[in-house]
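Written out below as structure tokens is the structure these notes cover.
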Amino acid sequence: MIKLTNINKYYRQGDHRFHVLHDINLSVDQGELVAIIGESGSGKSTLINIIGFLDDDFSGTYFYEDHPIHDYTRKQFSHLQNQNVGFVFQNFKLIREATVAENVALPLLYTGKRRREIGDRVTAVLDQVGLHGYEDQLPQNMSGGQQQRVSIARAIVGHPHFLIADEPTGALDTETSQEIMNLFKRLNRDEGTTIIMVTHDPHVAAQCERVVKIIDGRVVSDSLEVHHADK
Amino acid sequence: MRISELLRTALRSLRANKKRSFLTIIGIMIGIAAVITILGIGDGITQTMYDKFGNNAKQGQQTTEIYYMPDNENSTVSGFNQQDMANIDNQFGGEIRRVRIEHETANINTRADLGDVSKNVTVSLLRAAPTDVKLVAGHRLTANEMATGQAVAMMKSSLARHQYGTAQNALGTTVTVGATTYQIVGVYQDQAEYSMDGGQNKFGASFLLPKDLYYQGDTASSGNTIKLTFDQGSNAGQISKQVAKYLKKNGSAANQGSYQYEDMEKELKQFSSQMSIITKFISFIAAISLFIAGIGVMNMMYISVSERTQEIGIRLAVGATPFNIMMQFLVEAVALTVTGGLLGFLGGAGLAHLIAPLLSSSIGGGIHIHAHITMTAFLMAFGTSAAVGLIFGILPARQAANKNLIDILR
Ligand SMILES: Nc1ncnc2c1ncn2[C@@H]1O[C@H](COP(=O)(O)OP(=O)(O)OP(=O)(O)O)[C@@H](O)[C@H]1O
Ligand SMILES: [Mg+2]
């Protein structure tokens, strides 16, 4: 489903370029649950932003299904991104002034749906993440774990093909982390949603069927390939 | 995203910053209100004038007047007699519905002899018993007295007291106006020469006389003013001009004075063109105030964009296109200025309605000015304020749209 070949990424810092990603080759199939681990500053966020169609400034080739993402304009991106990816961030990134229901509805509104067409879907998705009846709450009055559930509900409301999560449990305690992790595993198992998550937490990584390790912008190990090598 | 959603989002964020939003639109309110006020009054004046004097008066028919001015001011010659009427009727009968000699009836300035004292006074002429005066002494002129042509008159009380000491003493005295000597049979309380609404009040005169006696013989069948009545839709100004030209050649008193037709409509046009100069001036001032207000809007939108960087990032990350983001902020700016424009419109309309009566009473002369708020004025307020929002909102909105998502999300 996702096929990255020889991806290189530079950040411009003043007049010199900073080489963040070195020749990344990575393929992810439908239905996988992938953890990306690595030290701080190794380029994990940079990588998944590219995978999630948020960043189009890279060299190399990226095929998403049959789409040559490396050739697409930002406009085509937005469309793909809206239809195919759901994002979950470490600090939740909810709109503070909007209610839970409005936050969750946002991706659907940007596909051009009417407000009254989507009420049922929003309720269903909130039920799915265990937030039944929280529609009219404001995010700022909720706990971190609850806010992350809202953010997950928002990520899956449009039936995306895959989820990108950047340290989704980074701001949560161990117990709450486990609840969120269980939610991800259930989504992956029951709905077949592909999930790619960045994490620092070894417990979280241990629960993922595939772990990709990055050091200084290079993929240094991939548990999938280890499996292949074993066979 | 749907327009309704954009509007909802815009209104919510404006409501979240009520005070700031309100302060930002004050300038727009003032600018629009100033223009609407001056337009409302200007259109009102123009409309009133046309209604009252224009050849296209609303009464269903049009009337014009032609005056005669004798060369010698003291001459008693009359400009129009029955022969002139017949001639006009012959010449212009097809185009003019009616022509008749106009006789003044209210507050005519004239000389009068009270016994052996000669004074300048005003007289008003009656055809029916005056019920609207308050009697001080004697009796009101009766219908019977007027029908039988008795030379009787009423005098106002201040003049009676001044001349004869008391109102009672004035009864039975005489006053001579023109060739007729009238006997005073009643004294009435003084009234103002103008009524409350600024019109002439005929009971403000010093004397009330029966009309049929005042205009009799030659004076009844001749005069210095004629009134022409036209059917709706005919070119009253043009025909009146031709009548005046005809009279200059063939009028009965053409060699002793001149016949004049004053085209009120022409003067009105001149007046309204002066009004439009004032309107232009005020509009210019308002444009400056709108420009400054627009910069205020731009400033507020820039602040709003930078405050809501996170929100922009979130929206971009869940599938908003940069165009969506631009529209969101543009709609917000336009919603802001249009709100200001509509409030300014209401304020201006209210102000115009307050000022118009004040203006009427300061002009006087029976002129009623009603503020006239037109649909055009409304559309102008709406359009201008929307344009201010668009023009001054576009730069901040584009800045919002061009934010780099990756930088925001870090
Ligand atoms: N927009 C940017 N401009 C310049 N340098 C950047 C930018 N974003 C990231 N970097 C740099 O690129 C490197 C990789 O950053 P990235 O955020 O991908 O790391 P990370 O692996 O996600 O780290 P962490 O675990 O702390 O989140 C870092 O050294 C960072 O300073
Ligand atoms: Mg990171």
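For all residues, glycine too, the Cβ spot is worked out from N, Cα and C.
Residues or ranges marked as domain 'MacB-like periplasmic core' by TrEMBL: B:21-245. The annotation domain 'ABC3 transporter permease C-terminal' is assigned in TrEMBL to B:284-404. Look at TrEMBL and you will find B:21-42, B:281-305, B:337-359, B:371-395 tagged as transmembrane segment.
Helix, strand and coil residue tallies for the domain 'ABC3 transporter permease C-terminal' (B:284-404), in that order: 102 helix, 0 strand, 19 coil [DSSP]. Over the domain 'MacB-like periplasmic core' (B:21-245) the predicted model carries a mean pLDDT of 83.
Below 8 angstroms of C-beta separation, residues 13, 17, 20-21, 24-28, 30-32, 34-35, 38, 312, 329, 332-333, 336-337, 340, 384, 388-389, 391-393, 395-397, 399-400 of the same chain, each at least six residues beyond the ends of the transmembrane segment (B:281-305), sit close to that stretch.
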